Amino acid sequence: MKLTKKFVGSVCHREKLNVPAGRAQMAAQGRQGGRKSNKMTALVVDDNVVNRAIHHRLLDNLSIESEAVGNGKEAVDIHCSGKTFDLILMDMDMPIMNGIEATRKLREMGIRSMIAGVSTRSVEHEIREFIEAGLDDYQEKPLTMSKLISIIHKIKG
Amino acid sequence: MNIVNQLQRQFIDFSTSLHREGFVDDQFTQLQKLQDENSPDFVVEVVSLFFEDCEKLINNMARALEQTQGVDFKQVDASVHQLKGSSSSIGAMRVKNACIAFRSFCEAQNREGCLRCLQQVTHEYSLLKNKLQTLFTLEQQILAAGGSIPVVD
């Protein structure tokens, strides 16, 4: 695996905002990025093809446009390319870069989107580590419609 | 009772038995509820993805366990973890439970135990595949006869 210049040392060339990571300030900041439609957007970050398909369907049913990537590094890359999303559904266990590292990196980059961790882990300290990396919410898998709706209600404040 | 009613009755009985025998759990019902006019083939598509993924992962596990130089139990566990995740997501309860048992043998680095679990997982996957294919066939028959698929809660 080649390390591109972008990822040696600090994060990609994107203005780093020295805002402490933590609660999403979605309500105050409003929508991020310039978008033609008023649809909410989401990024699904999961290494499993079945989960990606299910999460996409759940979001689609709520009229949320979504994209999917297979690991934390791809999630960071897609933000480096300039895209932002209203919601990020972040799996924990992924190859190359896991959900904890990816969440930390995204927060360091100044990403204020709602990041909801979705994982099968049930050990408290592991979940805590994930949350402390910068999650706004955490849900145990499998993701259901009611869990997704509760995540979205948090965005709307 | 006309043909549609007969088929619907069959479908309901079969669905109920799948739940009762633990082949699927409530998560599967959740997926069925996600299917609508905009995505009429959603369940079949996701289940197909699951079975493809299953086959790939089972092959990975088998290959890893065959290594005579020494089994990389971390590698086996990684595949079992993946399969546990996806089976849980579609509600394939018996496959998921087989994976849970499998993981403890991986942790114990017990090759014999792992091989037995692999057999069990493969067996559960085959059973489920047959069951779901029957379910989908019943659905097709109902639709072909002009009926609608009952919602089994």
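Even glycines carry a Cβ here, placed using N, Cα and C.
Taken from TrEMBL, the feature domain 'HPt' applies to B:39-142. Annotation comment: TrEMBL describes B:His81 as phosphohistidine.
For the domain 'HPt' (B:39-142), the predicted model reports an average pLDDT of 96. The domain 'HPt' (B:39-142): residue composition by secondary structure is 90 helix, 0 strand, 14 coil, according to DSSP.
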